[in-house]
Amino acid sequence: MPKNSKVVKRELDDEVIESVKDLLSNEDSVDDAFKKSELIVDVQEEKDLEVEEGSEAEDERPAWNSKLQYILAQVGFSVGLGNVWRFPYLCQKNGGGAYLLPYLILLLVIGIPLFFLELSVGQRIRRGSIGVWNYISPKLGGIGFASCVVCYFVALYYNVIIGWTLFYFSQSFQQPLPWDQCPLVKNASHTLIEPECEKSSATTYYWYREALNISSSISESGGLNWKMTVCLLAAWVMVCLAMIKGIQSSGKIMYFSSLFPYVVLICFLTRALLLNGSTDGIRHMFTPKLEIMLEPKVWREAATQVFFALGLGFGGVIAFSSYNKRDNNCHFDAVLVSFINFFTSVLATLVVFAVLGFKANVVNEKCIAQNSEMIIKFLKMGNISQDIIPHHINLSSITAEDYHLVYDIIQKVKEEEFWVLHLNSCQIKDELNKAVQGTGLAFIAFTEAMTHFPASPFWSVMFFLMLINLGLGSMFGTIEGIITPIVDTFKVRKEILTVICCLLAFSIGLIFVQRSGNYFVTMFDDYSATLPLLIVVILENIAVSFVYGIDKFIEDLKDMLGFAPSRYYYYMWKYISPLMLLSLLIASIVNMGLSPPGYNAWIEDKASEEFLNYPTWGMIVCISLMVLAILPVPVVFIVRRCNLIDDSSGNLASVTYKRGRVLKEPVNLEGDDASLIHGKISSEMSSPNFGKNIYRKQSGSPTLDTAPNGRYGIGYLMADMPDMPDMPESDL
């Protein structure tokens, strides 16, 4: 065949063998005709196997409709329920406004570099988490499988929380709200307030008794709660329908699910600022306690929050970025999404404490009214002298300032007898110091505050609809972190896999909708994700920095982005981030060892929570969750290290270039598709080791110093073939 021919003749019977130089020099000029040909691999089962080649995969792999859709997907995944009910609690607990400083420092040291790393590898290799780590090093392929397992564990209980939110959302279309007042019970003679509710509060009673109908311990299952079972089914149906077509279906939903929470947060903040006492909450929130900031626990909790806020290690970040074009500026995306996440947390904190400040003011007014009545009673009984009360103070309609003045006077006069009077100081800061987080914030404290809002049903609907959207955005990323790598690796249909995944998750999730289900949610939240995810991200960092090679990775980024990333990332990835992550892992293990493994059980008779230790079988489940989550890493390493699965035949030994349909070539023969290609001849040609280097310059082949097909090295790379343009085709 002439070397400079522009058209390949279409004769069906002729086999055409071209030299490496011809393939490289004529790739662009014969592109149209070239796409009509086929790479035939002589397989043991005598089947023609098509494997994706880099440039074809770029066209065939689903892609985001727009950059905005992709950013919203990443924001929706990273901004979740933790931003609303975890970050404000940590901010209040760990020094108020002073907590923002360690959080920002750790965001720059751990958050953004590792987020950028995951975005980069996903976009560069265009695979899910399993394929990405197989590509970098087959021995570390277990990282991707461990990531999928952790994702599934988290999805199991995370969707239960969305189910709870759906229940409250469905109950919000009532005036008054059903958790506004304690229910009444009738006996033979008269009507009484429900004792359990009277001992606690209306919102607390509604959460534990009406919504969860909770048992007194994890050992008492109590059977299924049918209301929550229906809500859990509805939650999984929503997730399944949104994810069944992949990013084609979930991407469009992101426009609403990612943006709507910001609309609600801004509306809540505007409304709350118009309420009495909201500024007290915000002032309390951001008053810095600098002495607390120096405690190691503050930095550990800030690092953990940064880690989970960005969704590191879940695989969702890698999955979403794998649908990007290779020349997308993922560095800009990493910085943008990280700071959007941070400012969302600050906005949510403003909203939460503005509302809690209003609630504290309402509670404080009731406290002052009750204690003023007690003082009036003591005055009538003679326990307190009328002379000590200032004449300008009217105890029947007393202000907060006047009450505190009277309280201080009585305390000084009575001294040792003061405690007998059982008077309360009624300070707003005492109410605000009652730190609440998680379900306690969303379903008890916040719902109680909304009962005092004008038009409370409207605000309740908006609040729980916001939580549903926040939860769904995170669930989409979590499920994508499971579906994408499995589809990429095992080539199954996405629709079927999504349905099976959701059905199985719903079936397993029934343990969370028993009467004791809330305790299992706590167990999974504490033990199934924290340590395994830390180990996964440490291994990710090590795989890129030391196994693949940080210098090589920086060169890949330069080729992909068109500019060299800051040297800052080199030092972060190679030195600082691994050390910080190892320190965080050790601190988390120590903290877990020092904290007794247990849960807060709701005791019906006492109408209060009580800490209980897990039974023996519960401890076994906790340990099993951690072991199962990280088990794929050593298993895959041993399998690869000991060659227990033979993939030595996965090479290009028996490849011939023949007329046919489409030429496709494996992107990674050691990785996802290694087991799919089994040639009969194993020694004719060395297999290109793509797992070691994406592209490299070969001796005697000066034309291979850049990507041979102009698409970052994924193309026709005959790694060990010398350049012999005059070599007979038959010899080749």
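Residue positions begin at 1 at the first shown residue.
Yeah, the Cβs are placed from backbone N, Cα and C, and that goes for glycine too.
Where the annotation comes from TrEMBL, it is an automatic prediction and has not been curated.
The local packing around G76 (Na(+) binding site), expressed as other Cβ atoms within 10 Å of its Cβ over all shown chains, amounts to 28. Positions annotated as Na(+) binding site by TrEMBL: G76, V79, N83, N341, L470, S474.
Taken from TrEMBL, the feature transmembrane segment applies to 70-88 (among others).
Look at TrEMBL and you will find 100-121 (among others) tagged as transmembrane segment.
Residues or ranges marked as transmembrane segment in TrEMBL: 142-169 (among others).
Taken from TrEMBL, the feature transmembrane segment applies to 224-244 (among others).
Per TrEMBL, the feature transmembrane segment maps to 253-274 (among others).
If you look up TrEMBL, you'll see 302-323 (among others) marked as transmembrane segment.
According to TrEMBL, the feature transmembrane segment maps to 335-356 (among others). Residues of the same chain lying 6 or more positions beyond the ends of the transmembrane segment (335-356) and with a Cβ under 8 Å from any Cβ of it are 71, 74-75, 78-79, 83-85, 87-88, 91-92, 100, 103-104, 107, 111-112, 115-116, 262, 265-266, 268-269, 272-273, 275, 278-279, 281-282, 284-285, 309-310, 432, 441, 445-446, 449-450.
Distant neighbours of the transmembrane segment (458-483): 73-81, 83-84, 128-129, 147-148, 151-152, 154-155, 158-159, 161-162, 165-166, 168-169, 172-173, 177, 238-239, 242-243, 246-247, 250, 253-254, 256-258, 260-261, 264-265, 267-268, 271, 311, 314-320, 442, 446-447, 450, 494, 497-498, 501-502; these residues of the same chain sit at least 6 beyond its ends, with a Cβ under 8 Å from one of its Cβ atoms. The transmembrane segment annotation in TrEMBL covers 458-483 (among others).
Per TrEMBL, the feature transmembrane segment maps to 495-513 (among others).
Annotation comment: TrEMBL describes 533-554 (among others) as transmembrane segment.
Long-range contacts of the transmembrane segment (575-594) within the same chain, counting only residues at least 6 positions beyond its ends with a Cβ under 8 Å from a Cβ of the stretch, are 106, 109-110, 113-114, 296, 300, 303-304, 307, 530-531, 534-535, 537-538, 541-542, 545. Sequence annotations record features per position, and here TrEMBL assigns transmembrane segment to 575-594 (among others).
The annotation transmembrane segment is assigned in TrEMBL to 614-639 (among others).
Counting same-chain residues at least six beyond the ends of the transmembrane segment (142-169), those with a Cβ under 8 angstroms from any Cβ of the stretch are 81, 128-134, 211-212, 227-228, 231-232, 234-236, 239, 313-316, 439, 442-443, 447, 460-461, 464-465, 467-468, 471-472, 474-475, 478-479, 481-482, 485-486, 501, 505, 508-509, 512-513, 517, 520-521, 524-525, 528-529, 532-533, 535-536, 539-540, 543, 625, 628-637. One way to see the shell of the Na(+) site is to take the Cβ centroid of G76, V79, N83, N341, L470, S474; the remaining same-chain residues with a Cβ within 8 Å of it are V75, F77, S78, G80, L81, G82, S258, P261, T344, G473. Taking the binding-site residues N83, N341, S474 in turn and counting surrounding C-beta atoms within 10 angstroms, the largest count is reached at S474. Against the transmembrane segment (614-639), stretch 533-554 has more CB pairs under 8 A than any other of 253-274, 302-323, 495-513, 533-554. The transmembrane segment (70-88) makes contact with the transmembrane segment (302-323): 3 or more of their CB pairs lie within 8 A, with pairs spaced 6 or more apart in sequence.
Around the Cβ of V79 (Na(+) binding site), the same chain contributes S258, P261, I340, N341, T344, L470, G473, S474, each under 8 angstroms and 6 or more positions distant in sequence.
Through the fold, the transmembrane segment (533-554) approaches residues 114, 117-118, 120-121, 133, 136-137, 140, 143, 146-147, 150, 307-308, 312-314, 564-565, 569-570, 573-574, 577-578, 581-582, 584-585, 588, 630, 633, 693-694 of its own chain, all at least 6 residues removed from its boundaries and within a Cβ separation under 8 Å.
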